[in-house]
């Protein structure tokens, strides 16, 4: 531990062996709160490298139980959170719609820290059992193409370190790790980050972890694809990383103001979700979700480009099938 701390004090990147040792100690609660706080802050000040992030994620995954083996290339759109803008839960609504269109969505998430409604909060408020056992989870996934993996059930180190991390009043490597440690190891990811500077780093980490296809995005300061501003993207395709910007025009959608996405409380998030799934949501809410679903369709090779993905999603919403699909997920999650 002394060597690890000294390396960080001198702002040196940790090697693979040091990262693996550090996170193994964290998992087994062999790091004191003072040491952990110091390490997290030192990593933050130095700037976490993609190698440090990917090796830490690999170590955490090695200690996480895998609930079942689907045999499919699963998809996740878990983001880092932490943008603090208190918008509707775009990624969770997008995952529900995408799964109703046949995409195999394995959604990894937890409760909110900086918003009114994290993925776990929204799903729980909708009536979904967020703590499904492996049998329930597999059954729900097989019948609906949707499974929610509540992060604290699989990663105790996250749960136990949460109070300390909250007291640091800053984002840490744990924010970056959340989207990378889905126990079902998805091969396709749409990953939103709270800071544009993380896009390339996280794309490299996904590549190192063996993800086949991904897009890491930051849109106007949010960890989503947005229509109110430019979305910066790093796309992992054929083992290469392509870096570019997206605007509403790339989706053939009109722009909307960020304020139209912001909500006052968790109940507003629930109502926005139900309205969108039932094809009666506000245009500003629906269209940003549609842009994110379109990106999932594109990454999954179900749409040739983003504009086709938008058309497919809008047509699907007209059927109101996503609303019926949610009711099935709720029922099966409790079965």
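Glycine too: its Cβ is placed from the backbone N, Cα and C atoms.
Annotation source Swiss-Prot lists 5-phospho-alpha-D-ribose 1-diphosphate binding site at 79, 82-83, 87, 89-92, 107-115, 119, citing sequence analysis. Look at Swiss-Prot and you will find 79 tagged as anthranilate 1 binding site. What Swiss-Prot lists as Mg(2+) 1 binding site is 91, 224. If you look up Swiss-Prot, you'll see 165 marked as anthranilate 2 binding site, on the strength of sequence analysis. The feature Mg(2+) 2 binding site is assigned by Swiss-Prot to 223, 224.
Locations of recorded Swiss-Prot features on the structure.
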residue: 79; record: 5-phospho-alpha-D-ribose 1-diphosphate binding site; DSSP class: coil
residue: 87; record: 5-phospho-alpha-D-ribose 1-diphosphate binding site; DSSP class: strand
residue: 108; record: 5-phospho-alpha-D-ribose 1-diphosphate binding site; DSSP class: strand
residue: 165; record: anthranilate 2 binding site; DSSP class: helix
residue: 223; record: Mg(2+) 2 binding site; DSSP class: coil
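It is 91 that, of the binding-site residues 87, 91, has its Cβ surrounded by the most other Cβ atoms within 10 Å.
Residue pair residue 111 (5-phospho-alpha-D-ribose 1-diphosphate binding site) / residue 223 (Mg(2+) 2 binding site) shows a Cα separation of 16 Å. Residue 108 (5-phospho-alpha-D-ribose 1-diphosphate binding site) sits 15 Å from residue 223 (Mg(2+) 2 binding site), taking the C-alpha atoms as the reference points. In the structure shown, the C-beta of 108 has more C-beta neighbours within 10 angstroms than that of any other entry among the binding-site residues 108, 111, 165. Cβ neighbours within 10 Å of residue 224 (Mg(2+) 1 binding site), excluding its own Cβ and spanning all shown chains: 29. On a Cα basis, residue 223 (Mg(2+) 2 binding site) lies 9 Å away from residue 91 (5-phospho-alpha-D-ribose 1-diphosphate binding site).
Residue 224 (Mg(2+) 1 binding site) sits 8 Å from residue 79 (5-phospho-alpha-D-ribose 1-diphosphate binding site), taking the C-alpha atoms as the reference points. Distance noted between the C-alpha atoms of residue 79 (5-phospho-alpha-D-ribose 1-diphosphate binding site) and residue 223 (Mg(2+) 2 binding site) is 6 Å.
When Cβ atoms from all protein chains are considered, those within 10 Å of residue 79 (5-phospho-alpha-D-ribose 1-diphosphate binding site) total 26, not counting its own. Just so you know, the Cβ of residue 223 (Mg(2+) 2 binding site) picks up 28 other Cβ atoms within 10 Å once every protein chain is counted.
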